[in-house]
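**Q** Below you'll find the structure I mean.
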Amino acid sequence: MGKKRIYELAKEINVSSKQIIAKAEEKGFPVKNHMSTLGENEERQLRAAFKPQAKTSHEQSAASAQPQRKVQQPRREKSQGTARTQTTAQKPAGKPANQTQRNNNNKNNGQTGNRQHEQQHSGTGRFGGSLNNNTNNSNGRRNSNNSNSRGGRNSRNNRNNRRRNNNNNNRYKKNQRIKDTNQHKGAPERKNKALPEVLVYTDGMNAQDLAKILHRSSAEIVKKLFMLGVMVNQNQSLDKDTIEILADDYGIQAQEKVEVDVTDIDKFFDAEMANKDFEAPRAPVVTIMGHVDHGKTTLLDHLRHSHITDGEAGGITQAIGAYQVHYNDKVITFLDTPGHAAFTEMRARGAEITDITVLVVAADDGVMPQTIEAIHHAKAAGTPIIVAVNKIDKPGANPNHVMEQLTEYELIPEDWGGDTIFVEISAKFGKNIDELLDMILLQSDVLELKANPKQNGVGSVIEARLDQGKGSVATLLVQQGTLHVGDPIVVGNTFGRVRTMVNERGRRIKDATPSTPVEITGLNDVPEAGDRFVVFDDEKTARAAGEERAKEALVKERRNTSHVTLDNLFDSLKEGEMKEVDVIIKADVQGSVEALAGSLKKIDVSGVRVNIIHSAVGAINESDVTLAEASDAIIIGFNVRPTPQARAQADSDKVDIRLHNVIYNAIDEIETAMKGLLEPTYEEEIIGEVEVKDIFHASKVGTIVGGMVTEGYVTSESDVRLIRDGVVIYEGKLGSLKRFKDDVKQVKMGYELGLTIENYNDVKVGDVIEAYVMKEVPVK
C-alpha cells in the first residue's frame, strides 16, 4: 500500500492535523505540513499516541449528546404545570374587576388589561418556569389602556420568538447529529477498498479510467498526480510513463494491456496449429490427382463403396469431394478434385491441407499433359507422391513404360533404387486397392501426423456454394482442434454460428475431430475455396472479426498479390526474399525446351539458382498461368505465344510472361535481371506537329521560328524532329518556346508560337517540326 498523508490520518482518528504535526515533531519525525507522508512505523506510533485521546473525544461527544435529549423532558413537565397555573390564575381575576368598579370610566379597559396580564403571566410561567403573585398584582393595578395593550402584544411576540428559536435550535441539532452519524458510517467504506495487485492499463487512459480500476476517486488521482509533478485534469489522456509512475506511488505493479487484432485470423490459425499440447495421431489427408479419364473417380468410388460416376455429367467430377475411408481400424481422408485448378487455388491462398498425393496414371495411355501438371503441382506443394498405375487389366497395359516415363520427372520406383512408391491397381475390379491403402498408411506413419483435438477448431474450406434452401453451405476440413455444432466461427471474410454439421454420408454429427471433412450451414455469406476458418469463444467477437474482414475486403477489392517479374527480380533478391527463381518454359519443340532449360540452370548469381518448375511444348495456356500465379514463377515462351485467355488471366493475376525467338536473348535477360542490370525499354510517343509560317533572325539567339501547332501540342521539354519534304533533316531539343513575348511550357493545337531549336538554325518556311517524348515501358 502507499504511504498515508497526515490529513488522511487526522480524519481517520478524528483529531486535527496540527495535533498530529505537533506530536510527530515531538517524536522527531520529518514532517512539514498536512500533506507530508508517514511511513508504516510512524503511522503506527502516532495512532498509539492518539488512541486514548480519540476515545476521550468520543466519550465527550457522546456525553454532550445526552443533555440535548434530556432538555425536551422538562418542557413537557412545564407545559403540564402551566395548565395548572392557568386554572389557578383564574381565581384572582376578580380583584381587577373590583378595582374597575371603583373606576367607572375605565371599566372595560381594566377588564381587558387584567385578561391580558393573565395571558402574559401564564406565558411567563410557561416559558420562564414560575409565576410571581406580587408581579401579577402590580401589573393588574396599571390602569393605562396603551400600556396594557402594548404589554399584551409584546408578550405574544416574545413567546412566539422563543418558540421559533427553540424549534430551529432543535432542528439544527437533530440534522447535525444525523450528518455526523452518516459521515462516521460512510467515510471509511471507500478508503477500505483494496487496491488491485496489478494495474492493467492501455496507453491514453485518463484519470477517470484509472480511478475506476484503482477503486479511488478521480479527484484523488488528479491530486496524487499533482504531488508527483504532473498537472492534468480528469479527462486528459496520460502516457505510459505517467501511469507506471502513478502505479509505483501506490505500491502496485503496472502492466500494459496488449490489444489483439481479431481480424487477423491467420495469426489465430497459426497459434492453434502450433499448439503441441495433447497431441494425438490423426488421419492422413490424401489428394487424388491425374489426367482426365485415368480413373481417379472410379478409384475413390471403389474406396468408399458408392457410385457417383453414373450421376455425373460425362463421367467427369463436377465438384470437390471429401470422403473418409475406414481400413484396418484406421481412417484415411480422400480429396477428389475436378482437375487441378481448385488444388492450385487452395495452395495459392496458403491452405496446405494435403499430406499425401496419389498420382493416378493409366497403364495404357501413359504420362499425359495433365499428369505432368499434377506432378508439378504436388512438388510445388511439397507433398510426397504415391503413383497408382491404373487399368492394368486392359490388354494394352504397360506399367513398365509408365515407370520409364515418370523417371524423367524424378519419380523413380523403389525397385529401381528410388524413393517413390508405385502400386499397380485396377480401380474397376478392385485389384491391389488394399495394397494402395497399406502404402498410404505406411507413408502417413513415416510423416508422424498428429493434431490436438482438445482446443478450438481450425481448418480450411474445401468447397462452398449457395443453396436455395439451406443458404451458404461450406465443406470444411478440420486440421486442428474439434469443431462443434453451435461454435461461433469466422471463415475467410464470412462469419456465423455452426447451425448444422453433416458428414460425407449425409448424416448429422455434433462434432468433427482433426482430418474430418464436414459440410456446415449458418454462414452469412459464401466463402472461397482455400479460405481458413477459426472458432472464437463468443459470437460477438466472431461477428466483429467477420464484419471487419468483409469491410477490408470490400475496400481493397480483393487486391492482387504482386508477383515476381524480371523488373523487380533484383530487388527481391537483394532483400533476401528469394533464394531461387522459379521459371516455367514453353517452347515450340522439345529440343528448344531442353536447350533453354540447360542454359538457365547454369546461371549462378550470388548463390541464387534458377528452378524450372514446369517445361513443355506448346502455346502458353491458362494452366501455365495458374501454376505461375500459385508458385510465384516467371513464364518464358520460346517461339510460342500465349492464348488470348492466358494473356487476359496473366494480366489479371500480374504474372510476368517473357517471349523470345533467340535463345541467347532469353538467357541474357534472365541473367541481367538477376544481376540488377536489366535496363528499361523506352518507346517514342509523338505528341504534336508545328508548321513553320515565318523565319526571324537574331544575332544573339539565331533563327527564330514562327509557326502554328497543327496537331496535338508542344511542350518546352519535348524532343523535336525537323522534317522537310517528308525527310528527317535534324533531331534535337527545343531551345525555347514562346507565345507572343512570354515563355510558356505548352502550346496547344490551333495556337501560334515562337520557338528555337537548340544548336540548329537551318529552318525554312514550310518545314514541319515534329514534337515527341520518350516513355519508359516494361519489357515484354
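Backbone N, Cα and C atoms are what each Cβ position is placed from, and that goes for glycine too.
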**Q** Under Swiss-Prot, the annotation region 'G2' belongs to which of these stretches: 315-319, 375-379, 405-409, 675-679?
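**A** Going through 315-319, 375-379, 405-409, 675-679 one by one, Swiss-Prot gives region 'G2' for 315-319.
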**Q** State the residue range annotated as region 'G1' by Swiss-Prot; the candidates are 234-241, 290-297, 394-401, 450-457.
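**A** My reading of Swiss-Prot: the region 'G1' range is 290-297.
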**Q** For the region 'G4' entry in Swiss-Prot, name the matching range from 254-257, 306-309, 390-393, 710-713.
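**A** Residues 390-393 are the ones Swiss-Prot records as region 'G4'.
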**Q** Can you check which of 336-339, 468-471, 556-559 Swiss-Prot lists as region 'G3'?
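**A** Going through 336-339, 468-471, 556-559 one by one, Swiss-Prot flags 336-339 as region 'G3'.
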**Q** Around Gly290 (GTP binding site), how many other CB atoms lie within 10 A of its CB?
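**A** Neighbour count, Cβ to Cβ under the 10 Å cut-off: 26.
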**Q** Is it possible to list how many residues within the region 'G1' (290-297) are helical, extended or coil according to DSSP?
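**A** Computed counts for the region 'G1' (290-297) are 2 helix, 1 strand, 5 coil.
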**Q** Which number gives the other C-beta atoms within 10 angstroms of the C-beta of Ile392 (GTP binding site), all protein chains shown included?
**A** 19
**Q** Other than its own, how many Cβ atoms are within 10 Å of the Cβ belonging to Lys296 (GTP binding site)?
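**A** A 10 Å sphere around the Cβ of Lys296 (GTP binding site) contains 26 other Cβ atoms.
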**Q** DSSP-wise, what's the residue breakdown of the region 'G4' (390-393) into helix, strand and coil?
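**A** The composition, in the requested order, is 0 helix, 1 strand, 3 coil.
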